[in-house]
Amino acid sequence: MKAGIHPEYKAVNATCSCGNSFVFNSTLGKDTMHLDVCDKCHPFYSGKQRIVDTGGRVERFNKRFGALSAKK
C-alpha cells in the first residue's frame, strides 16, 4: 500500500437508541455514531413484533392531503 493516500482506519463506538453499544473499525471521521436500530432491537433479529416508524411519509401525506379526501 502507498503511504499517505488511504483514510485513517480507527475504532468507532456505536450507540443504539435501545442502549446497546458496540465498537467497530471504520474510516468514519467521528469517534462515535448514534443508531436508531441495531440487531438487539430490530424486529427481524429480536423476534418481537413492534412498529419501527420514525414518523415519515404517511403522516406528512395525511397532513397535506387528508383534508381534501374528507371533503368529497
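Backbone N, Cα and C atoms are what each Cβ position is placed from, and that goes for glycine too.
Here is what Swiss-Prot records for this protein:
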- Cys16, Cys18, Cys38, Cys41: Zn(2+) binding site (BINDING)
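Each of the binding-site residues Cys18, Cys38 was scored by other CB atoms within 10 A of its CB, and the lowest score goes to Cys18. Non-local contacts of Cys16 (Zn(2+) binding site) by the CB criterion (under 8 A, 6+ apart in sequence, same chain) comprise His34, Leu35, Asp36, Val37, Cys38, Lys40, Cys41. Within 8 Å of the centroid of the Cβ atoms of Cys16, Cys18, Cys38, Cys41, where the record puts Zn(2+), the same chain has further Cβ atoms from Ser17, Gly19, Asn20, Leu35, Asp36, Val37, Asp39, Lys40, His42.
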